[in-house]
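Everything below concerns the one structure shown next.
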Amino acid sequence: MFRTMMKSKIHRATVTHADLHYVGSVTVDQDLMDAADLLEGEQVCIVDIDNGARLETYVIAGERGTGVIGINGAAAHLVKPGDLVILIAYGVMNEQEVKEYSPRVVFVDADNKQIELGSDPAHAPEGSGLITPRMLSTLEASRESSLV
């Protein structure tokens, strides 16, 4: 059996530009592509944190060190400059590959510079203000006890 697994994620990147008059794709800083193990032409899902839009496209390499996250083509109707997005790539793996593979999870700052690289898809960096799904039962318990 084959499974579709998350292989890479660039988390909470800021869209630097959106250009409707382009053939399509997302332009990503080559440094971020390397960190996330993304290849030019690879399919990615883009999730817009600000408006909930989800779309699929492919990656085009952007200039290293620029922090570029550029939305190109029709997707510019859905994702705007300044929006926070998550770029996710999936891979189809057999059972053995699933056991051996670790995803690449890249966290970036407001300028799209890498601040953390890990492999836990549910990790929330300290000080990020994000909540990991693995903490939900602990959070619910603390909320309930504060209501008593």
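The backbone N, Cα and C atoms fix where each Cβ goes, and this holds for glycine too.
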Co-listed substrate-binding residue [Swiss-Prot; alongside Gly73, Ala74, Ala75] among Thr27, Thr57: Thr57
Structural state of Ser25 (active site, schiff-base intermediate with substrate), classified by DSSP into three states: coil
Residue among binding-site residues Ala74, Ala75 with least C-beta crowding, 10 angstrom cut-off: Ala74
Cα proximity to Tyr58 (active site, proton donor), best match among recorded positions Ser25, Gly73, Ala74, Ala75: Ser25
